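**Q** Following this message is one structure expressed as structure tokens.
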Amino acid sequence: MNSKVFAVLLLLALSTCVLSEKYCPTPRNTSCKKMNIRNNCCRDSDCTSNAFCCAEPCGNFCHKASDKPGGRRVDPNASCQTGYVYW
């Protein structure tokens with residue numbers, strides 16, 4: 001009996017974790033036609049209000065978390081500098 005209760009509680013806890021997962025929103029643009037990019041952030045800690053630092057074609061921007069996957073969070077270990085980056 002105790003193992004059944006434990007299994008139900010474990011399943012409930014795991015489903016809560018999965019349902020609470022947050023993502024970067026899907027970017028509006030799929031490509032960047034500029035000769036530079038603008039990074040407003042390089043990691044989540046650069047953002048305010050618990051926003052995520054999300055990679056987009058024209059740079060990194062802070063966005064409110066989305067329930068739907070589609071965007072990509074910036075790798076905090078990647079080389080990055082805030083501001084305009086020219087190539």
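Backbone N, Cα and C atoms are what each Cβ position is placed from, and that goes for glycine too.
Not my notes, these are from Swiss-Prot:
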SIGNAL    1-20  signal peptide
DOMAIN    21-66  domain 'WAP'
DISULFID  CYS24-CYS54  disulfide bond
DISULFID  CYS32-CYS58  disulfide bond
DISULFID  CYS41-CYS53  disulfide bond
DISULFID  CYS42-CYS80  disulfide bond
DISULFID  CYS47-CYS62  disulfide bond
**Q** May I ask you to report the DSSP-based helix, strand or coil state of CYS54 (disulfide bond)?
**A** strand
**Q** Run through CYS32, CYS47, CYS62, CYS80 for me and report the disulfide-bonded residues whose CA is within 10 Å of the CA of CYS53 (disulfide bond), in sequence order.
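**A** Neighbours among disulfide-bonded residues, in sequence order: CYS47, CYS62.
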**Q** Rounded to the nearest angstrom, how far is the Cα of CYS58 (disulfide bond) from the Cα of CYS41 (disulfide bond)?
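**A** Between the alpha carbons of CYS41 (disulfide bond) and CYS58 (disulfide bond) there are 12 Å.
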**Q** Could you give me the DSSP helix, strand and coil counts for the domain 'WAP' (21-66)?
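**A** Helix, strand and coil residues of the domain 'WAP' (21-66) number 3 helix, 16 strand, 27 coil.
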**Q** Fill in the CA-CA distance, CYS80 (disulfide bond) to CYS24 (disulfide bond), as an integer in Å.
**A** 18
**Q** For the domain 'WAP' (21-66), what is the mean per-residue pLDDT, to the nearest integer?
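**A** Within the domain 'WAP' (21-66), the model's average pLDDT equals 94.
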**Q** Taking only the disulfide-bonded residues CYS42, CYS47, CYS58, CYS62, which one has a CA atom nearest to the CA atom of CYS24 (disulfide bond)?
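**A** Nearest in space to CYS24 (disulfide bond), counting only the disulfide-bonded residues, is CYS62.
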**Q** Checking the disulfide-bonded residues CYS32, CYS42, CYS62, which are within 10 Å of CYS54 (disulfide bond) at the Cα level?
**A** CYS42, CYS62
**Q** Indicate the candidate from CYS24, CYS32, CYS53, CYS80 with the smallest number of other Cβ atoms within 10 Å of its Cβ, considering only these disulfide-bonded residues.
**A** CYS32
**Q** Measure from the CA atom of CYS42 (disulfide bond) to the CA atom of CYS62 (disulfide bond) and give the result in Å, rounded to a whole number.
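**A** CYS62 (disulfide bond) and CYS42 (disulfide bond) have their Cα atoms 9 Å apart.
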**Q** Please report the number of other Cβ atoms within 10 Å of the Cβ of CYS54 (disulfide bond).
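**A** Its Cβ shell of radius 10 Å holds 26 other Cβ atoms.
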